[in-house]
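Presented below is the structure to which this report refers.
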Amino acid sequence: MIVFPNAKINLGLQVVAKRADGYHNIETVFYPIPLTDALEIEVREDTCDRLSVHGIPIDAATEDNLVMKAILALRRKFDFPPLTIELIKHIPSGAGLGGGSSNASFMLKLVRDYFSLPIDDKELAAIALTIGADCPFFVGNRPVLATDLGQVFTPLPNFSLSGLHIAIVKPPIHINTAAAYKGLKHVGKRETMPDEIVYMPVDEWRGKLVNDFEESLFPEHPRLAELKEMLYRSGALYAAMSGSGSALFGLFREKPQLDKAAITDCFRWQSIIP
């Protein structure tokens, strides 16, 4: 049985407060996009699970892979046979696209459906939350306003980017998320929340729909700012970094012709948003 875990982008990301526990509260819109990995399982005649990862390399030991953490979380509640798991990575890691979190949540859904486990989406989302703050998003997989640590979701009725073209570029830059939060120059509520701005026409988002990480990370990594400007030069209605990076995305009315010389060393992907 095979599924295709998809990525997400952040539309705006406001870091609104630093908490007493050292973490930060955020306000951001999560939007699913059709950049996908492939995840397949089969029952195996053995005493333990086996995970094989292909495609884009990921910097994680097998036992640290979120797919394995998802299986272990389900095994604490249910008994099911050992599995052979094949994961083909197309979503780059360390990009702000939620690839690992998506893999974990799709694994939860896949095992549930494969073995007809008696657990609904709400219970599955609760398990997903124990794996990562944004993992529950991929259980419902619909556009939401994410608040608190990014795990409290408010639906966005009638909000859709369907029909727009999207381009993603990710340079070979690694950004440590904890360091990115530590380096923030702005922490606090802004005048308008992301879920209000996204209902405006997309070509009015520029300058309004802000990712707070850009202010601190762009001076440190000028290449990120250059790629964002390249997306605008290529005709983007809106362009931004997703999460704490290092992937950037642009939204276009038509299929864009990107500056190939500017992205020769980048991961790049384009599609129409369904």
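Cβ coordinates are placed from backbone N, Cα and C, and glycine is handled just like the others.
According to Swiss-Prot, the active site annotation covers Lys8 (among others). Neighbour density for Lys8 (active site): within 10 A of its CB lie 27 other CB atoms from the protein chains shown. DSSP assigns Lys8 (active site) to a strand in the three-state reduction.
Under the heading active site, Swiss-Prot lists Asp134 (among others). Under the three-state DSSP scheme, Asp134 (active site) falls in the coil class.
There are 27 other CB atoms within 10 A of the CB of Ser102 (ATP binding site), with all protein chains counted. The annotation ATP binding site is assigned in Swiss-Prot to Pro92, Ser93, Gly94, Ala95, Gly96, Leu97, Gly98, Gly99, Gly100, Ser101, Ser102.
Long-range Cβ neighbours of Gly96 (ATP binding site) (same chain, at least 6 residues apart, Cβ-Cβ under 8 Å): Asn10, Met241, Ser242, Gly243, Ser244, Gly245, Ser246, Ala247. Asp134 (active site) sits 10 Å from Lys8 (active site), taking the CA atoms of both as reference points. Local packing around the Cβ, expressed as the count of other Cβ atoms within 10 angstroms, is greatest for Gly100 among the binding-site residues Gly94, Gly100.
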